[in-house]
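Input: a single structure, listed below in structure tokens.
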Amino acid sequence: MSSAESTVIEADKQVQTRHLPGDLAMWCFILAELLAFLLLLGSMAFARGHWNEMFSAGIATLHPEAGLVNTLILLTGSYFAANAVKRTAAGDQRALSRGFVLAALCGLAYVAIKITEYGILFGDGYNLRTDTFYFFYFFTTFFHMAHVLIGMAILLVVAQRSRAGHYANQEKVRMAGESAASYWHMVDLVWLVLFPLLYVLP
Amino acid sequence: MKHLLKFALAGLLLLTLIGWWLGHSFDGTWVVVCVLALTLVKGQWLIDQFMDLRSAPQWLRWTVSGWLVLVLGAAALFNI
């Protein structure tokens, strides 16, 4: 066998062994969401550069500690979801519901902190119409928070169905778990980019 | 291998705190570059370790990683 043939066979093996985590339909949904966030975050990055002073003044009124704590919480939630999927694949029957509930609780803590932050800002007289910065801040973070809530709902539905023995076999449990976790990680990935734009960059 | 996810989480939390400290302790273009670079590393880490796209079809991994590069590239382009 020539080296070219063995290279082709090796590449073919790699394609066959590559594993899509979750359902293809879920990934189409995730990629559509990422496209929407690309436009939103790209616009925000442009606005941040264009109205630099307005953004600096607006950022100074935010609560950076809340942003930091929320980042740590979402990362921990992603860990719980990923760990649940890995343990389920290893045969732990109850890992999925336990891990997903923990991840959803992290999401709940995130939402509670975000709503508290909104409450303080509204109390200080800032809202969506104050200026371009606050428009981007409220619109983008609210849009993201809505995705956190959707992610929590998906995690809890899969956790409950898994616990109730709704899935016909272990393969179906794995597929549902990977799909739900992938969506949750997407929400986390978007926040990882949003976080420095609003709370870290000088 | 057993504790890979725990190491990934620890790394992500640590990089978040380092980025935070840089952004709130210093000023200047190099800080923007460092914070965005740290975000790129964190994002790719999340994609590989938590999303588990290392062993996924290449088109998917490249699409999600490409998204990350595009968004952070826009942030760098307009803010440096």
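Cβ coordinates come from backbone N, Cα and C, glycine included.
Look at TrEMBL and you will find A:1-202 tagged as domain 'Heme-copper oxidase subunit III family profile'. As annotated by TrEMBL, transmembrane segment applies to A:24-46, A:66-83, A:95-113, A:133-159, A:180-201.
Where the transmembrane segment (A:95-113) meets the stretches A:24-46, A:133-159, A:180-201, the count of C-beta pairs under 8 angstroms peaks at A:133-159.
Sequence-distant neighbours of the transmembrane segment (A:180-201) (same chain, 6+ residues past either end, Cβ-Cβ under 8 Å): 21-22, 26-27, 29-30, 33-34, 37, 41, 44-45, 48, 59, 62, 64, 67-68, 70-71, 74-75, 77-78, 81-82, 84-85, 100, 103, 107, 137, 140-141, 144, 147-148, 150-151, 154-155, 157-158.
With a cut-off of 8 Å between Cβ atoms, the residues of this chain six or more beyond the transmembrane segment (A:133-159) that come close are 33, 37, 40-41, 43-44, 47-48, 51, 54-55, 57-59, 62, 74, 81, 96-97, 100-101, 103-104, 107-108, 110-111, 114, 118, 121, 126-127, 176-177, 179-181, 183-184, 186-187, 190-191, 194, 198. Looking only at the domain 'Heme-copper oxidase subunit III family profile' (A:1-202), the predicted model's pLDDT averages out at 93.
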